[in-house]
Every structure is written in C-alpha cells, then in structure tokens.
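Quick notes on the structure that follows.
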Amino acid sequence: MCGIFAYLNYNVGRERRYVLEVLLNGLRRLEYRGYDSAGIAIDSDLTLEAQNENGKCKPYHSSSPLVFRQEGKIESLVTSVYSEVDKLDLDLEKLFLVHAGIAHTRWATHGVPAPKNSHPQSSGEFDEFLVVHNGIITNYEVLKQTLVRQGFKFESDTDTEVIPKLAKFVFDQARDGEGGVTFSQVVMEVMRQLEGAYALIFKSPHYPNELIACKRGSTLILGVNELGGETSRHLFHDVKALTANEKPKELFFSSDLCAIVEHTKNYAAIEDNEIVHIKDGSVSILRFDNEKEMPASVQRALSVLEMEVEQIKKGDFDHFMKKEIHEQPGSLTTSMRGRLKNGIVGLGGLKDHMRTIRRSRRIIFIGCGTSYHAALAARPIMEELTDVPVTMEIASDMLDRKALIFKEDTAVLVSQSGETADTLHALEYALENGALCLGVTNTVGSTLARKTHCGVHINAGCEIGVASTKAYTCQIVVMVMIALAIGSDKLSTLAKREAIIAGLTKLPEQVRDVLKLDGEMKVLAQSLIDEQSLLMFGRGNNYATALEGALKVKEVALMHSEGMLAGEMKHGPLALVDEHLPIIVIATQDDSFSKQQSVIQQLHARKGRLIVMCSKGDASLVCPDGRSRVIEVPQVADCLQPIINIIPLQLLAYHLTVLRGYDVDQPRNLAKSVTTQ
C-alpha cells in the first residue's frame, strides 16, 4: 500500500534540484498504489547550523539530513519542499558527485494522516537514522515500551518510528563498546528484533552516501543504471564486477517497477531476509538468518524490464482508468500471444506439473476482490473441461476458517499485484498443507510468482488505476486457457474446446466493438448521477459480472451498489424493488437466458426500473414492451461472455465517477496493492 523510493547517484554530477525532482517524480509514479501523505529526505549543506536550539552539537561530521513531510497529495509536498528550501536559502544548483535520497508515500494504518505520522520516520534530534517503510510491524508496542525505558521519546502514532529509534539504540550500544559498527550490522540487529511484514530503506548521516534496504514480505526492487555504457549482467556476487568500479551510475530502490522504468530497465527483485547495502557505488547483497551471527553473500543476476515508459503515462486520455479500459483489445492480445498455436493452448509455466493438476482431488480458486470475481467467472468452464470439482475461497475467509486443504488439491491463487497480503498468507497455508500451488498474476518477480510451484503471467501490462479493468479481463482469459490446457486430453470436450479457441482469436476485435458503447454509457451515467443505490443481477457465467460491475461502481463512483445472484432474487432482494431503484439485469444468451427472462418479467411486475444487458438482436426478447433501457453486446462463447459484458459496466462506473466529481484513478481510502491484512 505504501510506496518507498530511493535514488543514489555515484560519480555523476547531479544538482540538488535534479535529485529532488527524481525523488518527487518517483513518488508520482507510486501514487496509484494509494496514499494520504508523503515525504522525502535529502542532504543539507555542511554550512548549516551544527547545533540544535539547546546548543547541543550534532554527533556526526557529515551533512545533516533535510526531512520534508506533508499530509495530502504529492503536489502539497512539492509546494512545501520548495517553500522550505526558500526559507533555508538552500542552493538548488549545488552539484553532488554522490548523494543518497529517500522518499515515501503513506497509506495510514497506525495514526491519522498528518506530517508527524508521515515518513521518513526519524530516530530523534539530528535525524541520526531515517527510515521509510512499507508494511506493518506487529511487535512495535513491545519495542516501543523497551525504547521508552531507554529514554527515547516518540512523536508519532506509527509502528514505523520504533525502527529508526531501534537503529540508534543499536548504534549507540555498539559505539560505546570497543571498535566500530558497520551500517549493515546495525540493520541486521534491527531485523533480529522486528516481527511482521516490511520493506525498509535506511539513511544515516553516520554513514554518508550509503543506503541500506531490506525486506520481509513486502516487495522491493533494486534498479541499476550504469551510465556511459551497457550495464553488464554479471552475477551479483560479482557486484564487485558489476558495481565495484568507478563508472558513473545511478541506483534506485522502489516498491514498484513503474517508478524505475523511465530511468533503467535493469533490475533485481530483492528476496525476503535480504539486506542490500549501497556503499561507494557498490552493491552488496547479504542474506540474513536469525540463527546465524554472520550473513551469507548472495549471488544475483539482473533482469531486464519488459515495460515501456508509455505504459505509465495517460497519453491522450484524461484518466488511467479510461486508458486501461480502452487498452483491453491490446492487453487481451498480449495475454494470448504465443499461447495459442494451431488450435492448441501452450502454457510453459504449467507443463511440468500438468499431470499432477489433472489428477487433483479438486481445484481451489483463491483470491480477493476483483481477482476473486475473475476466478468465479472462470469456474464453470474449469469444471466443465477438466471434470475436477472447483471450489471458491475468499483468501481472508479461508484463513479465518482454517479451511480444509489436502495434498491432493491444486490451489490456484489469483492476484494482479502478486503481493496481496491475504492471498500470500493463503498461499503459505496451502503450501503448509501440501497442496500444489499455481499462481496467476500480472507482476513478474512478485512474491506470488516466486513462491508458487508453477503459474501463468497474465501479461496485461502496467495497470495504474486503482480499480482494476484490463487485469480482470486478462485474468479470465488466462484462466480459460488454463482450463483448456488441463482438459486437452479429453476427447469428449474437443468440439467445445475448438469453439472456445476460435472465440479467443476473435475476442480482441469484439472487445473493440463493445468499446463503441462508451458514449451510450455516458448517457446512462447521466441518468443515474443522483441515485443512491444500484442493483445488478446475474447468474451462471455472469454472476461474477454482476459482482464485479457493482464493485467497480462502489470503488470509484462511491455509490452503494450490490451484485446479486439472480436465482436468489425471490429470497429477500425482491423487497427492494420499486419504480425508483435502478436495476441492471445481465441477460445475454447462454444456458441461463430463459431464467433471466423470467427474472425480468417478475421485476417488471413490481414496476422495477430496469436496465437490461442482452446479446445483439435480443432487445425484443428481453423487453417486448420497450419499457426498459437496453444495452446490446456481441454474443461470444459462454465462458468468454463475462469479458464482453463487464466492459459496459466499467465504462458506466468511469462516467459515473467523473460526473459525480470524484477521483477516478485514486478512489477514497483505497490502495492498488493491498499489502496489509
């Protein structure tokens, strides 16, 4: 949820203004994750006051850090930073051959949004240790009590503040003894005391021009940009071969690849319990083990990022959400590229485990929110093509119930980011119980991708809008392809599989066709702008469409909306129906069509205010009297229909949000990557 970013330039002159802009722009690239405050830390000048107001001298000889923190949007932080710079008369044109800066966007968990709760959090006066943090420290109260007894005073309400204060405590204890202590030794001792999930970046004037990052559970990326030549991709044991040279270079830490793509395409995903130390332009990676006093050196190869800068820009669109809705023909094509050949589905990530999957006792789909809905949409075809029972689990509920999972099960875990906390905990639970774990994610190198036995990347491209659109439709396509691959050994379903594969090849063009409803959905949104509630009824393949459509309206338009199983209408929801409440009924041609016709008749009998989604040419079948508004969409294979049907609802949610004056890309209280339970 929080976003962390750091920038270190080595042997290349960068003005302070440039450093500030790199840090602030890094935060802008992390905005989509969701946040309510932000902050940065850079170096000041040695000429600034070396004493505090009580006459106490600073306990180091290097430049003091300058910390800027602000509640609200990043632009509020920008205004605050430049205002403070003017007051300090700080030289923005000063050139640094080496400089280390850190930055953070905060999504409040402990303490309200306020400057004192924003990051970087400090060890106290003189900012001897500064930390930016993504995650939650579960034992912070115990640590806080211990540090208070040692004389530390706390200024924030956050769990994070214990970390820099603990670092100072460790540093002071070591300094009082014989010999010195390295930055990595300080961080290692801090890690021994921390419990919970975290990604951390440390900055300290005791260790000028150095940065240390470490992680346990939360994503953290290292980016390397060697200037004046190709970055060699040696093993990171030979970080000395890669970075231990005098070549000018830029090094980055980030929660997300989106924040480094405009600087470099060379990156490494930091693993759990690893400590990455940047010193003298050289990168060292150490593996922390609580049982061992000394860490082990780690070998690591750089990966090349397959992402273009254009993917993280709006282009000609006003909002990322609209851009991503309209990108779906292309994202679906990319998801299928290289996987459909001569009527055969090939998924290289599954082939070594296919026999085990086919022999499964059952398949368990596990996800949260939109990812859960995508799995629900794929469940009918998975059961039909594989003859394996499929059950659905919301990750948090599965953990609360300690649901039964057996070693004969295959658990399919679905997460756009690959970092969803509940889904990752469900993964750990499934692994502990011996199930084969298959990941479906959009993020290469994510925790889900690394920790599952096998999996498939959906290749939807970078999705910036908090409300998922193109990732949802790509998830469904990928899970349909998984069903086709698992069931490819069954002669009885051959005709069905061939029809679906033929439908997949035509799907991007049909999605392009349904996107032409954009203007019509805007008109519909104008008629609903003042409504307080909206119901959506679906069944069969399109029960998931009703749930996901309602979720989109809730997420971004901030309107109460409920997706309901049409078969349950008579068991309570029918009481809500009157001539005022708008109801969307999804009644496209499939095995449930006649039942949906019956639902429409019953709602008409109660004077319901209906909006009916139907297949092209079926308007007279669903609304013979012409009393209802009709949305006509192309008819495709049953299992692909949810992909077509969700797009008008995505457009409706988008236009409702714009018309109601809300933030489309960063809805209130929500985060893109939910990394807390």
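These residue numbers are counts, starting from 1, taken along the chain as shown.
Here the Cβ of each residue, glycine as well, is placed from N, Cα and C on the backbone.
Record features (TrEMBL):
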DOMAIN    2-281  domain 'Glutamine amidotransferase type-2'
DOMAIN    353-492  domain 'SIS'
DOMAIN    524-667  domain 'SIS'
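In the predicted structure, the domain 'SIS' (524-667) carries a mean pLDDT of 92.
According to DSSP, the secondary structure content of the domain 'SIS' (524-667) in residues is 73 helix, 30 strand, 41 coil. Note: the domain 'SIS' (353-492) comprises 70 helix, 26 strand, 44 coil (DSSP; helix = H, G, I, strand = E, B).
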